[in-house]
Amino acid sequence: MLPPININKWIEENKSLLQPPVGAKLLYTDIDSTFVVMIVGGPNQRTDYHVNETDEFFYQFKGDMILKIVDKDGSFRDINIREGETFILPGNTPHSPQRYRDTIGLVIEKKRSSENIDKLLWFCDNKDCRKLLFSRSFHVDDLDLGKQLTPIINEFYGNEENRTCKHCNHISQKPTVNDYIQ
């Protein structure tokens, strides 16, 4: 059993690791647990929507964030999670965490079984369209989710065909860090 971790000290010592595009680092790496505990820093550069079959717990440690979601009825909405607030996201809810510069959050997810499949989805960013552009399913086989997301994010942005909407012909562009600064 590991000793307790001083989160403030851990953040100070590991701040340089909380970098775009995902900015997530595991808080615990040497334990066999049911949970994956991550510290996530901003800004991020994500426009994807992640789908995890299990619930996710968010605690906004420093600064505010926006959790963009797609409801069961297909409508898009934003959930504001302010500094000091927590939120539990139900499993199978497409979500896109939007973190701004100098923000830090804690995210707890259930460790995936061999049957659990995650997805990354991108929707047309033309607000009058919002059709699905691109998706990838994958099994989280490494506790470091950020390591697995980055190649898929790069695959999406690396090919204009992936970013071109077949319904309205809009081409989604890769965001810059400045797009996520308040």
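Every residue, even glycine, has its Cβ placed from backbone N, Cα and C.
Under the heading O2 binding site, Swiss-Prot lists R46. For R46 (O2 binding site), the same-chain residues that are 6 or more apart in sequence and have a Cβ closer than 8 Å to its Cβ are P21, V22, S96, P97, Q98, I153, P175.
Positions annotated as Fe cation binding site by Swiss-Prot, on the basis of sequence analysis: H50, E56, H95. DSSP gives H95 (Fe cation binding site) a strand state.
Here Swiss-Prot flags E56, R99, E109 as substrate binding site. There are 27 other CB atoms within 10 A of the CB of R99 (substrate binding site), with all protein chains counted.
Long-range neighbours of C124 (divalent metal cation binding site) (same chain, six or more residues apart, CB within less than 8 Å of its CB): R130, K131, L132, L133, C165, H167, C168, H170, S172. As annotated by Swiss-Prot, divalent metal cation binding site applies to C124, C129, C165, C168.
For the pair E56 (Fe cation binding site) and C129 (divalent metal cation binding site), the Cα-Cα distance reads 28 Å. Close to the recorded divalent metal cation site, the chain also has D125, N126, D128, R130, K131, L133, K166, H167, N169, H170: residues not among C124, C129, C165, C168 whose Cβ is within 8 Å of the site's Cβ mean position.
Around C129 (divalent metal cation binding site), the same-chain residues six or more apart in sequence whose CB sits under 8 Å from its CB are C165, H167, C168, H170, listed in sequence order. Proximity of H50 (Fe cation binding site) to non-local residues of its own chain (separation of 6 or more, Cβ distance below 8 Å) is seen for P94, H95, S96, P97, D118, K119, L120, L121, L149, given in sequence order.
Under the DSSP three-state reduction, C168 (divalent metal cation binding site) is assigned to coil, being neither helix nor strand.
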